[in-house]
Structures are given as C-alpha cells and as structure tokens.
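Listed features, source Swiss-Prot:
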COMPBIAS  65-82  compositional bias 'Low complexity'
COMPBIAS  83-100  compositional bias 'Acidic residues'
CROSSLNK  Lys2  ubiquitin cross-link
CROSSLNK  Lys48  ubiquitin cross-link
MOD_RES   Thr16  phosphothreonine
MOD_RES   Ser40  phosphoserine
MOD_RES   Ser43  phosphoserine
MOD_RES   Ser49  phosphoserine
MOD_RES   Ser96  phosphoserine
REGION    65-106  region 'Disordered'
Amino acid sequence: MKYLAAYLLLNAAGNTPDATKIKAILESVGIEIEDEKVSSVLSALEGKSVDELITEGNEKLAAVPAAGPASAGGAAAASGDAAAEEEKEEEAAEESDDDMGFGLFD
C-alpha cells in the first residue's frame, strides 16, 4: 500500500513514477524499502492510468460482501453459541492489529 501511495503522490504532482522517485518519497518519511516490491508494483501498474486503477479498485470493492442481514429472534437463540465464538475470534483478530509498530503506510 505504501508503494501505491507513493506512486499516486508522484502521479498527482505531475511526475512520472519510477523506482528511484518512489524510494526517495518513502525514505523521506523513514520507511524501509524492499526493491522487489517496488519493482512488482511498477510492473503491475505499467501502462495503466490512475483512472483505470480507481475504476478497477471500485469494482473489486463492490464485489466484497457487506454485512449480512440481521437474523430473526428465534434463529438468534439457536445460533447464539456460534455468534459468541465468531465474536471472540473477531476480537482476537482486532487485538492483534493494535499498535504493532507499523507506520502510516504499513
């Protein structure tokens, strides 16, 4: 994500994004750079406009299912244990993301 953000910043400023410029942006804010990831992002974005990237991203987001419908009262009683287990798993997943030393673009 940090590489994409740097790519978009360069593009918005009217510059042609390349590996050197992306590295310079990320290093200016103290982010460690992985050369193979920079190359991978550049090759994946080669020949695409920002508008195409946004359209493609919107299509992918539209495909992500939203929250499911609320269950009926009778069904909730039957699936209470399953819901409690799912809630515990979600809480554990949320807690694992709490400030693990990641920066803004990690």
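Using N, Cα and C of the backbone, Cβ positions are placed for all residues, glycine too.
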One finds that other Cβ atoms within 10 Å of the Cβ of the residue listed as 'phosphothreonine' number exactly 7
Can you tell me how far the Cα of Thr16 (phosphothreonine) sits from the Cα of Ser49 (phosphoserine), in Å?
11
Give the number of CB atoms, excluding that of Ser40 (phosphoserine) itself, located within 10 Å of its CB.
12
Nonlocal residues around Lys48 (ubiquitin cross-link), in sequence order (Cβ under 8 Å, 6 or more apart)
Glu56
Say you check the Cα of Ser49 (phosphoserine) against those of the recorded positions Lys2, Ser40, Ser43; which is nearest?
Ser43
Determine the Cβ neighbour count for Ser43 (phosphoserine): the number of other Cβ atoms within 10 Å of its Cβ.
9
